[in-house]
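Q: So that we are looking at the same thing, I have put the structure below in structure tokens.
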């Protein structure tokens, strides 16, 4: 099942609808812009065809459709009517859905990390916890983006999806604990990526807002049969390196189902508090990605190689030590159980089925082993179609006419925060760039 968009109205009408934020008075899940691809005419013409209605594809389509006809093809289903997507409290349920129509296509990396690919209109923005945070200013400069346009593109996204979340007791305790142990300054609520502690914005309404904004102007969505979707360009693999691997017989769909079942059967006491996750920003270790075939339903071969570089492992250890200090801080005291040590908490955490790697007992005696045993993804991987290797700085595929890749796979390195905001920004940013380039070309001709 998949979806695509095409334009229904003239440029003038679309411009009015876009700039005035008009939306049809339609209610989910019965939007008239969604249709099966098999119902499309045999021959149709568009100015732009976008393959993938994900976090970058949606804002890109919304922008280009201001002035041109756009078809957006998405292999996944509709998020509307799926409470596991639209309700932030149900975060995690979509990832536990292993059915063929699930918005999450699960897979296990060669090194045993359980992961997922998005399979839904809206892409990964429908599967995450909704954090919104800009890339740092120096990141924008290093990548070579126009700072003014990047800022305007971030603002465009933020008007649709971002808002200041309420600070509840748990979040406040973690924030105050971070400041107490020296993770300063306290930056308060901000979209900017800054050193220190800050309150970030969730963007749980991303898809509804972006889709309504875009679809009120142009398009219709249709389903494309899975067998009709083939790769137009194979992305080059990252550097091939050795790593601890988990045998294929241990990386089956049954293994994923067993892990999901084990997680759902964890003692209720595990969920009475909250979770503090550590993310290693800009790891030195690199992995390997290659397509097995051209079947979009077949997962690629992925090896993450976490902690291949010793420095990444030591950074993880330092992060765990910071978390230990937070837990032991005065600010966090109301969330500690009397008589339960940090070492006990670490051993409890290590027993969770977050990956398929062999487990070790009493990992609290070695934070290095704890990091290895509990390594997991939070789905922020990137780099399969890097700028300079697969695409140029205008995101045009090298050696191919009229084809660009515009998404997080083009990043040479991470924005250092949840990348969702930057991926959305990039879709808008390049949409504006393409419109400007085409206008200049039309004027000169």
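Cβ coordinates are placed from backbone N, Cα and C, and glycine is handled just like the others.
Whatever TrEMBL says is automated annotation, not expert-curated.
Sequence annotations record features per position, and here TrEMBL assigns domain 'Glucose-methanol-choline oxidoreductase C-terminal' to 283-427. Look at TrEMBL and you will find 316-371 tagged as disulfide bond. Taken from TrEMBL, the feature FAD binding site applies to 379, 380, 408, 419, 420.
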Q: Cβ within 8 angstroms of the Cβ centroid of 379, 380, 408, 419, 420: which residues besides those meet this for the FAD site?
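A: Residues close to the FAD site, other than 379, 380, 408, 419, 420: 55, 124, 128, 381, 382, 418, 423.
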Q: Where DSSP helix means H, G or I and strand means E or B, what are the helix, strand and coil counts for the domain 'Glucose-methanol-choline oxidoreductase C-terminal' (283-427)?
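A: Per DSSP, the residues of the domain 'Glucose-methanol-choline oxidoreductase C-terminal' (283-427) fall into 51 helix, 12 strand, 82 coil.
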Q: About how far apart, in whole Å, are the alpha carbons (Cα) of residue 380 (FAD binding site) and residue 371 (disulfide bond)?
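A: Spelling it out, the Cα of residue 380 (FAD binding site) and the Cα of residue 371 (disulfide bond) are 18 Å apart.
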Q: For residue 316 (disulfide bond), which of the binding-site residues 379, 408, 419, 420 has the nearest Cα in space?
A: 379
Q: Work out how many Å separate residue 408 (FAD binding site) and residue 371 (disulfide bond) at their Cα atoms, rounded off.
A: 26
Q: Give the distance between the Cα atoms of residue 371 (disulfide bond) and residue 379 (FAD binding site), rounded to the nearest whole Å.
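A: If we compare the Cα positions of residue 371 (disulfide bond) and residue 379 (FAD binding site), the gap is 17 Å.
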Q: Identify, in sequence order, the residues in the chain of residue 419 (FAD binding site) that are 6 or more apart from it along the sequence and have a CB within less than 8 Å of its CB; answer 'none' if there are none.
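A: The answer is 135, 380, 382, 408, 411.
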Q: Please find, for 379, 380, 408, 419, 420 as listed binding FAD, the greatest distance between any two Cα atoms, in Å.
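A: The FAD-binding residues span at most 11 Å between Cα atoms.
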Q: Can you name the residues of this chain that are 6 or more positions from residue 379 (FAD binding site) yet have a C-beta less than 8 Å from its C-beta?
A: 115, 116, 124, 127, 128
Q: Is it possible to get the count of other C-beta atoms within 10 angstroms of the C-beta of residue 420 (FAD binding site)?
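A: Counting Cβ neighbours of residue 420 (FAD binding site) within 10 Å gives 27.
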